[in-house]
Structure formats: C-alpha cells, structure tokens
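The Zn(2+) 1 binding site annotation in Swiss-Prot covers C60, C62, C75, C78. Taken from Swiss-Prot, the feature Mg(2+) binding site applies to D449, D451, D453, supported by sequence analysis. Residues or ranges marked as Zn(2+) 2 binding site in Swiss-Prot (evidence: sequence analysis): C821, C896, C903, C906.
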Amino acid sequence: MIDVNKFESMQIGLASPNKIRSWSYGEVKKPETINYRTLKPEKDGLFDERIFGPTKDYACACGKYKGVRYKGIVCDRCGVEVTTSHVRRERMGHIELAAPVTHIWYFKGIPSRMGLVLDVSPKQLEEVIYFAAYIVIDPGDTGLEAKQLLTEAEYREEKAKYGNRFVAKMGAEAIRDLLKQVDLDKEVTALKAELQTLKGQKRTRAIRRLDILDAFRNSGNKPEWMVMETVPVIPPDLRPMVQLEGGRFATSDLNDLYRRVINRNNRLKKLLDMHAPGLIVQNEERMLQEAVDALIDNGRRGRPVVGPGNRPLKSISHMLKGKQGRFRQNLLGKRVDYSGRSVIDVSPELKFYQCGVPRPMALELFRPFVMRELVRRGIASNIKNAKRKIDREDDDIWDVLEYVIKERPVLLNRAPTLHRLSIQAFEPVLVPGKALRLHPLACEAYNADFDGDQMAIHVPLSDEAVAESRLLMLAAHHILTPKDGTPIVTPSQDIVLGNYWLTQAEIGREGEGMIFATPEEATIAYNNGDIHYHTIIGVSAASMPKKDWGAGHEDSVFVTTYGRLVFNSLFPDDYFYINEPTQDNLKQPMADKYFLEDGQDIQDKIAEIGQDLVATPFKKGFLGDTISEIYKRYRVQRTSEYLDDLKEMGYSASTISGLTIGMADIPETKTKDALVAEARKQVKQVSKMFRRGKLSDKERHDNIIKIWTDCKDAVQQEIAEFKDQKNPISVMQQSGARGNISNFTQLAGMRGLMATPSGELFEIPVISNFKEGLTVLELFMSTHGARKGMTDTALKTAQSGYLTRRLVDVAQDVIIREDDCGTDRGITAKAIVDKDAGLIESLYDRLVGRFTNRTIRDPQTGEVICSKGVLMDEQMAQKIVDAGVQEVQIRSILTCNTSHGICRKCYGRNLATAEEVEIGEAVGTVAAQSIGEPGTQLTLRTFHTGGVAGAEDITQGLPRVQELFEARNPKGRAVISEVDGVVDKIESNAAEHLQEITVKGKIDTRVYTIPYTAKPAVQEGDEIHRGDKLIPGSIDPKELIKVTDTLTTEEYILAEVQKSYRTQGVDLADKHAEVLTRQMLQKVRVLDPGETDILPGEVMDIAEFRDRNRDVIISGGIPATAQAYILGITKAALETNSFLSAASFQETTRVLTDASIRGKNDPLLGLKENVIIGKIIPAGTGMPIYRDQVPKADVQQPDSVYSIADLEKKMEDENKETESK
C-alpha cells in the first residue's frame, strides 16, 4: 500500500488506451459472473480469479496451493496467483472494444468539451456519434468542407460523384480521427490572433475554446483520449455479488451494465468477423456506444437503463455523486470501531470533566485493554483465556476494567454536530444501567436534553490521540463558546432556582441582626436553627483576610444574608465578596453602604439597606457574569472547579427550598374581565363603522387586531407587576430558571390572538387562560399556530444545516499559517448603526481581541492610550471607548496577506480560549460553524412592508444571511450612486410613474430613475459618496464592488450579516463573518491579459494573478489588469484549487471532467482533501511545524568523559597488569 502521509500532491488526468491496458490484469471476455452451482467465478468472466485475484486468502482456485508459504506463486493448473483476497479490491481488468466509443462526460457535459475542441455543435456531434449522419474527415479535392455533416442520402450521392477522393465516417471512430487531426499549438495561435478582432458571443465562444485547447496543451492529455478503445473494469469487490437466503443473488448494478457492454461487444466482434452488412454493424456499434454511456453515466442521455421494478441502474457516476456517493458516504464520513451509542441520562454527581459509561458498554469498548491487563496480572494465562473470561463476565474483570479506564478519556458526540463543542472528551466513570451519563452543565454545548436523546461514544486509541483528547478536548476546557467568547456553560433550571433562593433576603427572619466573628460561627448558628439562609446578619471582614474590602474596611462588620455568605464560599479566597448582583461588585470591592459605621447599631443598618438586599437575589444572567469574571481572572482550572461547586450548591439549595407549584400558585387577575368587556365594546363599534361603509375591510381587520393586542398587553402588564418572592411560579420566572412573562400571561391572564397557518391573525382572540381552560373553538384556533411552529422549525433546521455545509466547504482551508503577514493595511472599526434598528454592534465589541494597526490617542489630550500592534483586551477596549474615540484602525482578516490562510496578528484572539490564536488553528471551520450553528435561531420570515418602498419585501433572518453569502440579487434592491457628488434634484414624473434623482458629480452628472412609490433616502442638496443608497433597501454587493472597492464591499457584507444576527439576539464575533467574506472575494476577473499567457475573462486567485504578473514585470513585459470578482459561497467552494474538495461538495461529474482535462494537481492544502485520501489534516497538531518536531535523543557521553567508577576500574586493571608482570 502507498503511505499517504508521504506524498505532497495528487494529480488527475485522462487515461490513454495504453494506460488502461497497463492497469489491467487481464481482459474480461465473457459476460458470465458466478457459476450458480459451484458458486465459483467463471473463467474470463467479470469475477475471474485469474484476472482479479483469489477469492480466499492464499489459496488458488483449484486448491493445489494453500497457505502463506506459496505466496506469489501462479498455479499451473488454474492460473490463479496465490496472494491475499484483498487484491480483489484493487486489481482491475479491461474490455477491448471492437469499435471505439466516446466518453459521455466529455461529449455531454456543458459546455461539450469535444464540441469545443472540434468546433462542432453538440447537436451535430450527437448525430455523428449515434450514426444519424456522416462527417467529412478529409474533403480531398472535392467541393466538400472538413467537418461538414452529410445525411445517408447525401453521402451516397457524393460517393457516386467523387468515389474515394474524400473520406467521411460516422460514429465515435469519425470523432477519434477528427480529434487526432487537431493541432493544438496551431489552433491556439490562430485563436489568440482572432481574439483581437472578435466581439460579443463569438468572442465568448472563442475564449472558451481557447481555454479548453490550452488546457489540453498544458496538461499533456491528448484530445483523442476522450474516445475510448478499451473500457476499464473496476475491481470485483467494489461491485460485489452476494447470495441471499433462498438461493437468489443480489448484485451491484454495475455488473448488469458491464454485462450489457460485453454482450454487445462480443456480438459486434462476431458480426465483423462474418463481414455482416454495414447497417447491421452500425446498429450494433450504436448499441455498444449506448451501453458504455449507461455504464459511465446512466440517464445522462436518453432514457436510463432500468432494472427490475423500473428502477434506473446506478452507474459509475452515481457511485460518486451525492450524499450516498463514494465521496460523502465513504471517504468523508467513515464508520469507526471502538464506538457505541446509547440514550443519555443526567448525572449531577459527576465532575465537569467526567461522564458515566455503562459497565457492559465500557467492557466492550475497552476489551483489548482489559485482555492485555488480565494476562499481565496473571489472572488469565493467555489472550484466549482472557477473552473467555470477558465473555463470561467473571467477577475479577471489573477491577481490571476500572484500572484500565483510568486516564483514558473518551469522546462523546451528539448529532447534529453543529459546532466543535458537539464533540468533547470526558474521563469515563463506570455506572450501572445501560444509559450514558452526562454532566448537566455540558448539556448547553451539546444542546442535549434527557427526553430520549442519544449520544455516540468513541475511544481514542493511540498515545497521541489520548494526549490530544486530554489537553485540547477535555470538557473542562470548553467553557467559552467560539461564536462570541461568552461562557457556554451557563447554569440553568434547578441550579439557577437553588442559587436564587439561596441568595434571597427576608426582613424579620429568625436571628436577624446577629453578628458573627467568622463564617464558621454563622454555620453553627444555622445548624442549631438560630438563623435561616434568608436571615440578614453581620459578619466581620477580618475573618476573610485575603479579600479586598476597599480602603478602611478591613476590620469592619458588613451586612449580608447567611445564604450569600454560603454562596461566596464558592469563589476563590482572594476574590471580592459579592453582596449585590452588579457589574461593579464583580470588578471591585463591595459598596460602602453595606459596612457598619463605628458605633452604629446593626438594626438601624438593616432598616436602612435591608430592602436593597431583599430586592437583589442572584438571577441566571448574573451567575453567567460571575463565570465570565472568574474565567478572566483565574482561567480554566479554577473556573471548572467553581462551576462544579455552583452546580452542587444549586441542586442542594433547590432541594432544601422545597419549591413546588400547584394550581393555587397561579394568581387571579383583577382587571381582566373589565378589560375584555371594554375591548368587546370597541370591536362592536368598529364593526358598526364597517357596516356603514366608513372603514374598508382591511382597516376593520387591522383595528380589531389592535384592540385585542392592546387588551392582552394590559392584562400582561398587570401580571408583570405581580412580584411575590414567596410565589414559586413567580420565583421560577424571575430567577430565569424557567418560563417568561408570556407563559405566565397564558397561565393566569389570556392567550390573546392566534396565528393562521399563513401567518395572519384570527380576529377572534383566545380569551381563556390555561388555568380556566379553553373552549373547543379556542382550542381549535390554537392548533394552527402550534403546527406551523413545528413545521417551521423542521424546515429551518434543514435550511440551516445546508447553509452550514456550504460555509464549511468554502472556508475549510482557512488555517492560521504564520505569526505575522507583515501587512500595513487594516480596517477602520467603528460602531455599526442602522437607521431603523438602531445600534447593531458597539465599538467596544469590535475592538476586544483585535490588534491595533495605528497608535490610538486621546481625542481631548492627545496622549497615547494604546500603541500600534497591541492585542486589545476588555480593559483596553473600555479605556478607548471611555476616552471618546469614535473609530480605531485595527488589523483585519479582510486585509491579511497570508496566502491560503490567515496570520495570527490579523486574526487576534481565539474566542474559545481568550488567548492569542495559535498557529494551526482551523479558524475557517470554526467561523463557518459559528455562523451556521445559530442559523436555527433565525427566522424564516420575509416581512411584507404593506405598500411602503415600492411594496418590496425586506428579507430578514436566515434567507437574508443566505442572500448575502451567496451574493444573490437581493429582494428590495436599493439604487446606489456611482459618483461622489451632491443630490441636485428629485423630480416626480406622474405620467410615467417614475421619480428621477439627479446626482451632480465632480466630472459628470448621473440621473437615476426610481419607482414612483419609493421614498428617496436622500434629499436635495445632500452630499453623497459612491455606493450610497438613493432609496431604502438592500445593496447588491456585485454593484457595490463595481463602483467602490473590495474593502468597502467586504465591510458592507460584514455589517449586514451582523445586522441579521444581532437583531435576533445572536452575538456573533466580527472575525467569523470576515473569514467568510474574504473567501468570497479571493478571485479576480482578468480584463486585459497584457503580455502574460492568461486568457481574457479568466477568473483566477488573487495570489496566482500577482505571481504571474510579477514574472512578467521582472522580464520587462506589460502586466495583466483585472477587477475584483465576487463569488457566492457555493460558487467559491466549487472554484477552489482543490478538485477533491470541489468534487466532494457538489456537481461531482462536472468538477472531475474539468479537472481531468486540465490535468489538475491538488496541492492538498485544505482539510477535506486530506481527509479524503486519509492523510493527517494540515491543521492543529497536524501542521508541519508540529509534525516535523524530532523527539530529543538520549544524550550520549563523549569518550573523553569518565565517571569515578570508570577511573577506579581502570586503576584496578592497571594494578592487575603490573602484578602479572
């Protein structure tokens, strides 16, 4: 076998007939497969052992030679080589065709490659290939032209007239002869000369032809190889035939297709030997052509060949295509051994880095390790014995299993794997039962719940894999989400509830006002029943000397509750005492108001600030903030411990609290009946006005909807004001543990208006709430919206998944390749603000974790706040914003100069670790996942603006994100200015239903016509710049790039993506959108090739374009000129330099056809192409800089160094010598 890790690149090309013969181990002459009686392969058939190798390991067909010792011998009786049966997966055969046939990929593709080379239309080609017309190959001295088509009648006529003075043929043979005649160099030179004069369609076709001819010339492929003289037969184990019970056979479709080819080929040979009439031979040749077409790509031309049940047969092309094809099914996603799957269950007693594995599952997964250990300990005498012990599940294997799984992490994965946190490593702990056990805080990252979800478990085997799992993938390290750098392990449900209850305060509880010297004294008092968790007490600050209490408070007494005292025991000793849930208290000592002044009575203090404590129990959001703050200060290890302690505390507190809910806890609303009666009165009034013709039907509908919406809001308002610290439902909602005000309104108030399946609202509201119960009609109306919700979610999941797939595909080769690309460019970061939506993203958010590109000075004083080339952290970013700086020059991915990746300085901080990104980080994949993963949270809606702005629809949510990344023409497109200047006048032309906006530029004046109903976004006298909107709507990036530059377009796409996500409450970091936007603008379109050998109109990589130009400039020639070219992500993924990656994405046959003609070379720089060939990916620890590290050798002591022992021995030897003398 080839060692994949050794080779650098992979090339594809056309196979010549001789190449196909050289691959082959023999010719397949008969259509037979297996003898149905003996079940042995037939001689010369499709499964022949002489050609493809033995079916049994090291045994020839007749049984004369059996065993490894005969390896390599060819049996003299049956002619089969003695070797492993595995060769049947790699040895190929061939079929010698009696007549040449064309390869359907090159004849049928768009554009037809054969047609371009010969300059013949695909329609004419088809007539020739399928024997409907003759084509003139050599006109001789007749009046005919080369490549002229003749019908049967015309051919006879010309033959009668000219005899043998011309040559015309039909079928693939004619095409082969014509292709042999093509002189590539001559054609290319002629076409280049023609291009100077051609225009329009002819020019486009000429460029296409030139492109193909050039490809043939440069790749060394010969055009006539597009016509096949021999057909390769793929190895039999890739098209197996198996016997089913009942004696029938199941076979791969390919065998049927090969049988048709062989049958027709043999028949044609026979007819040729018999010198049959030309017509019969032609008919057979056509049938052979069709058989080979069906084998290569069934259904591409004409009706597909069908098998039993009218099912089209799967041809070789279908074996590669689509989700079930070779690329996606077997090369990019393989099934692996040492894995299992089971239902998951919660296990609150686990540590954050642990998971529970059921004993029988662990035993099966770690079986080889247990066997080895049993033998090593002498419990089993040999491996066979050990295996028997495991199968019997003897008692002495469990201790060994416990020992074996120590220090061996396992990976847990939950489908759908939306981002990298969907696969994490845990240390296994053996548990009873059959379910995998998961830590409750890991659920958020997996989006897992315990209603029947299943997860898969995998065992890393090699030492390297174990080390990587432990150091890079352990769940305890994954505290921040790569999407935006905020903690992903926020506590939820019971944990939140418990800690909220724990930190509540009540005036007048038992033991109020007691003062304790130490926290331990308070605990004793609690255990004795003297105080409660909610009691307000005093504690001496001196008992916690490591904490920062602020100036002068080190020996004071502070007022807190016993619950908060307990809660603070979770924090590190030197962290502030958190007494109120504010950002200030997280970052600095507790406020002065909580300390007793000298001589002040504690009861007076409680009267003064008691209500402040009562009003501020710790809610869910604040618990998340504490995690962030602890992470910033103490990093992973300590945060992980804090999370486990927080979990333990939450669960135990919610148990002690005894919070339950019942019907009685749902409060009564006082004003609902009156509000509903008033609303009904108003609705009657509206209906009356409609009947009298004072309102249109639409106005009536809108008014009724408004009346009921206001009514529901009023009821909701009353419920929102109901805040009772004793009411369990209220506590759940306010703590953030479960439920929101809307759920509460539906329980206690009214459900309000329901949506119809089309998204309109029913005019009849649901007045009942769930406590009262719904009427039949109300229930029926509610079902529409509920079902729509379900279907929308299902559709959105599919849409979002496909978007993620395209994003990953386009960005997968973006890796951090170097430390600094040395660019002096960057972008100007300022707050992103939208006219309608307000602030989208603040300047602070855009600065954190980025490098500065210029020195930043205070706008007032001029002093330096931050110098150039500094990584801005939270403090620095806040300092810059506080100084009133409006825009900052930062290093950006958009302006990075690294080819095939990004440098560390342009990327900045890795959000998942809050440290500077490391070389080898696969930032492209992370970016794609970060954009795709929240896709399901975006809406699918297209909003109808109801007749404003030319009644266009403004696309939002997921469709808008797709529109941006695919660079499609947006819905509701805005007209933009092409010049810098002033708006001269805005005129309405009622007759033609248009408005005209005149923009006066410095050089010329432009007039733009806009729809009559559109509201201009500018006014007369406004100063505007290129690319500014003249009417509201979305700008088409393809237009924007023409009138402005690449960077402006990139910044526009970035701002729009941010708008789509942040308005839906998803905080996405800029850098992820930047990575993808950069991928869309990696290409340029050549306008004028200058003196380079590039074709006009060619689309190529910017880096390649610069290299070609550099060579020409050095030699003193005229360089080529090009313009920036924007590609949607699907197009960009197909245009990648790697044909393997493109072929495995979409349009497999087209990509491979093109790549083989061009003799493309895949440099294997991305991740997908390396996964496909089974090479370690060039990211992370697979980067050359890590792979090429040589382990340090043991230090050898030079000869001149002696130890004392050596010297003593030497002296001894010398003494002996002298004695012997």
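In case you wondered, yes, glycine gets a Cβ from its N, Cα and C as well.
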> For C821 (Zn(2+) 2 binding site) and D449 (Mg(2+) binding site), what Cα-Cα distance in Å is obtained after rounding to a whole number?
Replying inline: 45
>> I need the CA-to-CA distance for C78 (Zn(2+) 1 binding site) versus D453 (Mg(2+) binding site), whole Å please.
In response: 56
> Rounded to a whole number, how many Å is the Cα of D453 (Mg(2+) binding site) away from the Cα of C62 (Zn(2+) 1 binding site)?
Replying inline: 54
> Using a Cβ-Cβ cut-off under 8 angstroms and a sequence gap of six or more, which residues of the chain neighbour C896 (Zn(2+) 2 binding site)?
Replying inline: C821, T823, I902, C903, C906, Y907, R1078
> Counting across all protein chains shown, how many other Cβ atoms sit within 10 Å of the Cβ of D449 (Mg(2+) binding site)?
Replying inline: 10
> Roughly how many angstrom lie between the C-alpha atoms of C62 (Zn(2+) 1 binding site) and D449 (Mg(2+) binding site)?
Replying inline: 60
> So which one is it: of the binding-site residues C75, C78, C903, C906, which has the fewest other Cβ atoms within 10 Å?
Replying inline: C78
> Cβ distance under 8 Å to C60 (Zn(2+) 1 binding site), same chain, sequence separation 6 or more: which residues?
Replying inline: E49, P54, K66, C75, R77, C78, V80, E81, V82
> Taking DSSP three-state, what's C903 (Zn(2+) 2 binding site) in: helix, strand or coil?
Replying inline: strand
>> Around the Zn(2+) 2 site formed by C821, C896, C903, C906, list the extra residues of the same chain whose Cβ is within 8 Å of the site's Cβ centroid.
In response: E818, D820, T823, R891, I893, T895, N897, T898, I902, R904, K905, Y907
> According to DSSP, which of helix, strand or coil covers D453 (Mg(2+) binding site)?
Replying inline: coil
> Excluding D449, D451, D453, which residues of the same chain place their Cβ within 8 Å of the centroid of the Cβ atoms of the recorded Mg(2+) site?
Replying inline: I344, A448, F450, G452
> Which has the fewest other Cβ atoms within 10 Å: D451, D453, the binding-site residues listed?
Replying inline: D451
>> Going by a 10 angstroms cut-off between Cβ atoms, which of the binding-site residues C62, C821 has the sparsest surroundings?
In response: C62
> Within 8 Å of the Cβ centre of C60, C62, C75, C78, which other residues of the chain have their Cβ, at the recorded Zn(2+) 1 site?
Replying inline: A61, G63, K64, Y65, D76, R77, G79, V80
>> In the three-state scheme derived from DSSP, which category covers C821 (Zn(2+) 2 binding site)?
In response: coil
